[in-house]
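Undergrad: Okay, here's the structure, questions in a sec.
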Amino acid sequence: MTTKMFSYVLLHSLMMFAIILSSMGSPEKYYDCKQDGCITTPPCWRKCVSMGYPKGGECRIYSYGGVCCCDLTSKPPN
């Protein structure tokens, strides 16, 4: 009984530790989004690269249409 309880507590602790580490390891991304009616990501990625965004971008589809979001290398100035 004690072994099972210890295993459960240890497993739970390791899972929480992994969740905390994974959130710390992935920095927040910043995007410059333009509503252009995109449908797929490849044309949007090429558009972002041609506009000077080295990481490209992705097309996000919302209820009001497609939005091309270019990946910024750092947080934009306010």
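The first residue you see is number 1, and the count goes up from there.
Here the Cβ of each residue, glycine as well, is placed from N, Cα and C on the backbone.
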Undergrad: If you follow Swiss-Prot, the disulfide involving Cys38 connects it to which of the following: Cys48, Cys59, Cys69?
TA: Cys59
Undergrad: Of Cys59, Cys70, the disulfide-bonded residues given in the record, which has the fewest other CB atoms within 10 A of its CB?
TA: Cys59
Undergrad: How many Å separate the Cα atoms of Cys70 (disulfide bond) and Cys48 (disulfide bond)?
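TA: The Cα atom of Cys70 (disulfide bond) is 5 Å away from the Cα atom of Cys48 (disulfide bond).
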